[in-house]
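Below is one structure; the comments refer to it alone.
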Amino acid sequence: MSEAEKKATIASGAEAAAPVAAQPPADSTAVVADASTIAVSTETAQEKAGKDETPAPIAAIAEPAASEAAAAPEESAPAAAAVVPKEPAAASEETKAPAAETAATPAPAAATSAAPEATKEKDAADAPAAAEKTGVAKLWEVCQAHEHKEIWGVTLQDPSSDVPTEIVLTKFLNANDGDVPKAVDQLTKTLDWRNKMKPLELLKKSFSRAKFGGLGYVTNHSEAADSKDPALKEVFTWNIYGNVKSMEETFGDLQQFIEWRVALMELALQELNIAGASAPHTITAENDPYKIYQVHDYKSISFLRQPASVKAASKETISVFSTVYPELLKEKFFVNVPVVMGFMYGLMKLFVAPKTLKKFHPMSDGGALAREFGGSKVKTLGDAMPKEYGGKGEELKATGKETMLD
């Protein structure tokens, strides 16, 4: 073989051995079709989560969630291609000893080079924490510049020393998957809205008993009454739309309905008590116990020919809540719903993130609700549910809190 042929053969072998660059995965964002009907699942929420499936789309006649703002789903980075080196040829008996002596010589240099590598690993591990601190610090600058100084009952202070403020600002970051500019925009809109709406004052406002009596409740269930661990407490909001006496009366005045619904949410936030949080009970994107269960009961509700006022109230409430109450929904249960529903899910898709839709669980049988809470650290939670929802507790009228009514 000529010298040129040898070089060509070597080049060809090297090209074949080169690692192939990993291709980025295809976009895995779930595409939800515009369906006018859905099948209500009989599986529990935990069984659905185990299958890693997006629940069937659902619809409701009124506000379905205090949900997170829409955020792009996380994408997994492609794994780097690895090349497995060929094993070196076995050394002869005559050459083994000299090779060992030669290898022993540069050992100190190898030990020295380990230090920079360890430093790099530490820097890489610290990078996410540093980025999070930078994001919280940026959001704190927004709070300092704004005239309104409160969110969800928390008086905003320096998050480096105030745990409640750190929790609030971290929720805005988490709702936007760490995207600081988006979090800044949502936080600014929330501060503007709270400054105008004054939701804490709505807690002192009396609403019409004829319109809203028996329509909304807040319950608080604790594993230990004196525990400061937020994971040992579960807060619920209940919307009993079957108790609506007149659709037009309840939903016809849009501003009044929104005010009542906001007052109920703020009542739940008082029970959640983020303002009372203290170290070490902070939050991360993966671990956040400061969230609320929501239950909407549609027993005896007809989903045919809903008035325009109901649809308008639904659309406005979803839009408002998805902006100003991010990362506060734990899971949402639609109980006693008909098998076929329609218009509401189309509205949800416009405002609610896909990761939030996965928290929605339609159920045709309200009596099965108590079985959904086996994963809660409040071990008695299922039994604490009212009897009509499969538990052993008293009815909501006896145990739940309502907004002020006259």
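Numbering starts at 1 and runs along the chain as it is shown here.
Backbone N, Cα and C define each Cβ position, glycine as well.
What Swiss-Prot records for 1-130 is region 'Disordered'.
Feature annotation from Swiss-Prot assigns compositional bias 'Low complexity' to 11-26 (among others).
Here Swiss-Prot flags 45-54 as compositional bias 'Basic and acidic residues'.
Residues annotated as compositional bias 'Low complexity' in Swiss-Prot: 55-117 (among others).
Taken from Swiss-Prot, the feature domain 'CRAL-TRIO' applies to 216-397, supported by sequence analysis.
Sequence annotations record features per position, and here Swiss-Prot assigns heme binding site to Tyr241, Arg261, His296, Tyr298, Lys332 based on similarity to another entry. In the three-state DSSP classification, Arg261 (heme binding site) falls within a helix.
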Whole-number Å value of the largest CA-CA distance among Tyr241, Arg261, His296, Tyr298, Lys332, listed as heme-binding: 17
Arg261 (heme binding site), number of other Cβ atoms within 10 Å: 25
Secondary-structure category, per DSSP, in which Tyr298 (heme binding site) falls: coil
Candidate with the highest Cβ count within 10 Å, taken from the binding-site residues Tyr241, Tyr298: Tyr298
